[in-house]
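Q: As annotated in TrEMBL:
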- 1-104: domain 'BRO1' (DOMAIN)
- 124-152: compositional bias 'Basic and acidic residues' (COMPBIAS)
- 124-159: region 'Disordered' (REGION)
Amino acid sequence: AYCYHGQTLLASDKCGEAIRSLQESEKFFAKAEALCKEYGETKGPGTTAKPSGHLFFRKLGSLIKNTLEKCQRENGFIYFQKVPAEAPQLELKANYGLVEPVPFEFPALNAQWIPEAVAAFDLTKRPKEDTAKPKPDEEVKPLKEPNIKPQKDSGCQIS
């Protein structure tokens, strides 16, 4: 998020803030890369997953590096803006491209669901299962197979 926020800041000519945002992005990327490598080296199920080798992860690393170099180069030639000590705040609530979520509300209980009806669903009072002995498997009688000899002239042609 800091990487893409830095790109947005650079596009709006706030190069100093963009550099700081991309430096923060680089820090979090290094931490995520260490965690991904540690995950890839663990033993157990799922060891074939290598998140650090995933295409998105590899592209993000080069994107962060290239954008940071571009920002530093442009700040040295064009903008001459001071890099702030703290990273800019991310706008966590999107104001475009998303539909406003509808809050979920549980429907009202039907009048038939009284406490006595709910108590009637006690699973400990269910009827006992039939423990009838299973039928012994019937012996399968062998069938006599007809004697079919292969014929050379069956009418089939391979073309």
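Including glycine, each Cβ sits where the backbone N, Cα and C put it.
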Q: Which residue counts does DSSP give the domain 'BRO1' (1-104) for helix, strand and coil?
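A: Here the numbers are 65 helix, 0 strand, 39 coil.
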Q: Roughly where does the domain 'BRO1' (1-104) sit in mean pLDDT, to the nearest integer?
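A: Averaged over the domain 'BRO1' (1-104), the predicted model reaches a pLDDT of 89.
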